[in-house]
């Protein structure tokens, strides 16, 4: 008799995706981040759902409702901080997942990669609108500054900004619609994740060597389920340590001051995971130029498959490309640090240099290094 998991219409899908899935035998721990992102998404949806039960999306009561969750709701404080720090863990996993894709040439699976970039945009949008909800100072001014960037669009800019605001400033209408967006977007992310997996399972996983692994595949369960559980336990451990020992480590103290349109915080800055893009935005002296650079800093990922000039897929055997990759990682971290610094010398100059290097590495230096490595193969 055939096992029910192989015959039942629903269980068959789960079986082919998570149990009997043929997987390369040599994928490393860098391949853990996909499942960790799935775990993060589930945790965020669950904690978010419980927060939404007690939150009120109204300018007069939003801040108080968040404080009420922390003080009066049973275990509300831990739900709130798991949600806030869960977002940080989400982005750590996202950046590691993208870095893995860049290093090992996973972007050659173009459909999977492009859906991944769309997912990144959606997660960033969700995190941005979510940060506005507690209605603290940084929530309000962050929303004002970032939405205002759209006014740089010629001709329709101002109309567009006022349309998003639902008025002439960030106010009640803005908060209400941002809450609606923040509630619906995670489910869109969930749907996109399924499409992402669908495209991935059409081709099968890549592996560290970047060569076909058709001759050496093993079932996903138990080999990789146990490996994923280990990764999940480590992620949960880090998240719990962050939440229970230093819940406000990654947050901004300004957000404990209720939103006040009449007083601007000394330094307006987004959460740490947007700082690299914020640094690129600030590096361009022109408003429209800055907005375009900001967009391009993420959209550039879509061009990476087109910029692949190497005869090898993975960077495993390409020392020049490896050096440039780690230079890009260092540059990303530098931009993240600079994004959190005030707009003054020397940070401005460093930010401009780091921004130029960011685009130069991806668009020019890495494709050139690949061509040089191709030549070296013939020696």
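Along the chain as shown, the residues are counted starting at 1.
Just so it is clear, glycine is given a Cβ too, placed from its N, Cα and C backbone atoms.
Per Swiss-Prot, transmembrane segment is recorded for 33-53, 77-98, 113-133, 178-198, 226-246, 288-308, 320-340, 347-367. According to Swiss-Prot, the feature heme b b562 binding site maps to 83, 182, an assignment based on similarity to another entry. The annotation heme b b566 binding site is assigned in Swiss-Prot to 97, 196 on the grounds of similarity to another entry. The feature ubiquinone binding site is assigned by Swiss-Prot to 201.
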Practice problem: Return the member of 83, 97, 182 nearest to residue 201 (ubiquinone binding site) in space, with distance defined Cα to Cα and candidates limited to these binding-site residues. | Solution: 97
Quiz item: Of the listed stretches (33-53, 113-133, 178-198, 288-308, 320-340), which one yields the highest count of Cβ-Cβ distances below 8 Å with the transmembrane segment (226-246)?
Solution: 33-53
Quiz item: Could you give the Cα-Cα distance between residue 97 (heme b b566 binding site) and residue 83 (heme b b562 binding site), in whole Å?
Solution: 21
Quiz item: Counting Cβ pairs under 8 Å that are 6 or more apart in sequence, does the total for the transmembrane segment (347-367) and the transmembrane segment (33-53) reach three or more?
Solution: no
Quiz item: Taking 3+ C-beta pairs under 8 angstroms (sequence gap of 6 or more) as contact, is the transmembrane segment (288-308) in contact with the transmembrane segment (113-133)?
Solution: yes
Quiz item: Does the transmembrane segment (178-198) make contact with the transmembrane segment (77-98) through 3 or more Cβ pairs under 8 Å, each pair 6 or more apart in sequence?
Solution: no
Quiz item: Same chain, outside the transmembrane segment (77-98) by at least 6, Cβ under 8 Å from its Cβ: which residues?
Solution: 30, 33-34, 36-37, 40-41, 43-44, 47-48, 50-51, 66, 69-71, 116, 120, 123, 127, 130, 235, 238-239, 242-244, 247, 250-251, 271-273, 301, 332
Quiz item: Relative to the Cβ position of residue 83 (heme b b562 binding site), how many further Cβ atoms are located within 10 Å?
Solution: 21
Self-check item: Three-state secondary structure, residue 83 (heme b b562 binding site) (per DSSP)
Solution: helix
Quiz item: Which chain-mates of residue 182 (heme b b562 binding site) that are at least 6 residues away have a CB under 8 A from its CB, listed by sequence?
Solution: 48, 126, 129, 130, 133
